[in-house]
Amino acid sequence: MTLWINGDWVTGQGALRVKRNPVSGEVLWQGNDADAAQVGQACRAARAAFPRWARLSFGDRQVRVERFAGLLESNKAELTAIIARETGKPRWEAATEVTAMINKIAISIKAYHVRTGEQRSEMPDGAASLRHRPHGVLAVFGPYNFPGHLPNGHIVPALLAGNTIIFKPSELTPWSGDAVMRLWQQAGLPPGVLNLVQGGRETGQALSALEDLDGLLFTGSANTGYQLHRQLSGQPEKILALEMGGNNPLIIDEVADIDAAVHLTIQSAFVTAGQRCTCARRLFLKSGTQGDAFLARLVAVSQRLTPGTWDDEPQPFIGGLISEQAAQQVVTAWQELEAMGGRTLLAPRLLQAGTSLLTPGIIEMTGVTGLPDEEVFGPLLRVWRYDNFDEAIRMANNTRFGLSCGLVSPEREKFDQLLLEARAGIVNWNKPLTGAASTAPFGGIGASGNHRPSAWYAADYCAWPMASLESDSLTLPATLNPGLDFSDEVVR
């Protein structure tokens, strides 16, 4: 039984789904998808549970959420292994994901009070109050690259605000979704408050098509995000929060420490096997001998990156991609870029047929035109050379996406210029593009999405503001507006 609906584990009535380790092929999880009828049941359960959950005090909801945080801590090793085995990422990185899940809970609690709590200001004849109310029933779509951490960034603030939820993990990470749901079960959530439906496209379409949804919170690809936006167009009564991908630029200016700059670039482009939405996809490198030296060093160090299994010792920097198909898509993208005129500096290689272990690739695209503006979700870095900083910014902004952007430079003035001109929601200076702070917004503009699903800013879209003018008594004003007559004289 792999679906959690209204406080019970039930068997899906849809197609059988089998999840394998993307490197070893070992079967990790299997179960049936939720069909449309079961998705509807989950929605009705969430709707029935909403009034009581929303009427609980914030403190009562907080108790359950903090209990979940404690369960994450006590089950950290087990959940780390599940995420690592299912995604292919090394154990060390999966452990940081679980830690991030834990840390964001305390931040989400604080964010609720600071950003969406209650405020009151006194007026001469009463008071003006601001309160926040939950939307109702929300659907949460989770991605596969961080199957615990990223859905957690929606679920925790949504529950704290008083919403009830239908959670659909990525069809590529059902085991992680299952494991997290069982911890929520132990945390003592009332039936119907959080429901789990497993499945792929058909389940997702049934979920997003529900008329009784009050909103949808999504993290994933731009293509799917666009489909959801079209599907919910003309429905302003539903909140839609989209965090999508990026075709992210990293600009390398003059650098004193080449190895430090290479390290930052590798962290930006190849961590998580290039499967972070903030990963650098486009590298802009200043022309000249220093740029040549940097590029040669980047290729040399990247060539030493050997993907390994989740439990290899010593631990590898990167593991496998989410699937062999995903790895092959990166190879195909590289081949297409080469055919368009790109100059390969480091060819990506599948280490073994039938696995998702893929080495990083680097290809120079200077002077090549007509390139597609698409995110290649994997360890493939494209390189352009530029002559001046204004040109670098123009090239960096030449994308429909706007998630992250970075600059490596000793000059604060250039960073200030980038801050003014960059089209990105995250702009870093001498820091990896993949770094983020839970107290800062996480998200972008354009094809990268709309709202900001971080622990701090997610509170904004999980509740709506209610303004009130209040007085504990009613009296006739001493001064009336023109034309009003409350005298005792009888008008004839």
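Just so you know, glycine gets a Cβ as well, placed from its N, Cα and C.
Counting every protein chain shown, the number of other Cβ atoms lying within 10 Å of the Cβ of Glu243 (active site) is 27. Taken from Swiss-Prot, the feature active site covers Glu243 (among others), and the record attributes it to sequence analysis.
If you look up Swiss-Prot, you'll see Cys277 (among others) marked as active site, on the strength of sequence analysis. For Cys277 (active site), the count of additional Cβ atoms within 10 Å of its Cβ stands at 28 [all protein chains shown].
For the recorded site, Thr224 (NAD(+) binding site), the DSSP three-state label reads helix. Per Swiss-Prot, the feature NAD(+) binding site maps to Gly220, Ser221, Ala222, Asn223, Thr224, Gly225; the stated evidence is sequence analysis.
Surrounding the centroid of the Cβ atoms of Gly220, Ser221, Ala222, Asn223, Thr224, Gly225, where the record places NAD(+), the chain contributes additional residues within 8 Å, namely Phe218, Tyr226, Gln227, Met244, Gly245.
The two recorded residues Ala222 (NAD(+) binding site) and Cys277 (active site) have their Cα atoms spaced 10 Å from each other. Reported as a whole number, the C-alpha separation between Glu243 (active site) and Gly225 (NAD(+) binding site) equals 8 Å. Around Ser221 (NAD(+) binding site), the C-beta neighbours below 8 angstroms that are at least 6 residues distant in the chain are Met244, Gly245, Glu375, Phe377. The secondary structure of Glu243 (active site), as reduced to three states from DSSP, is extended strand.
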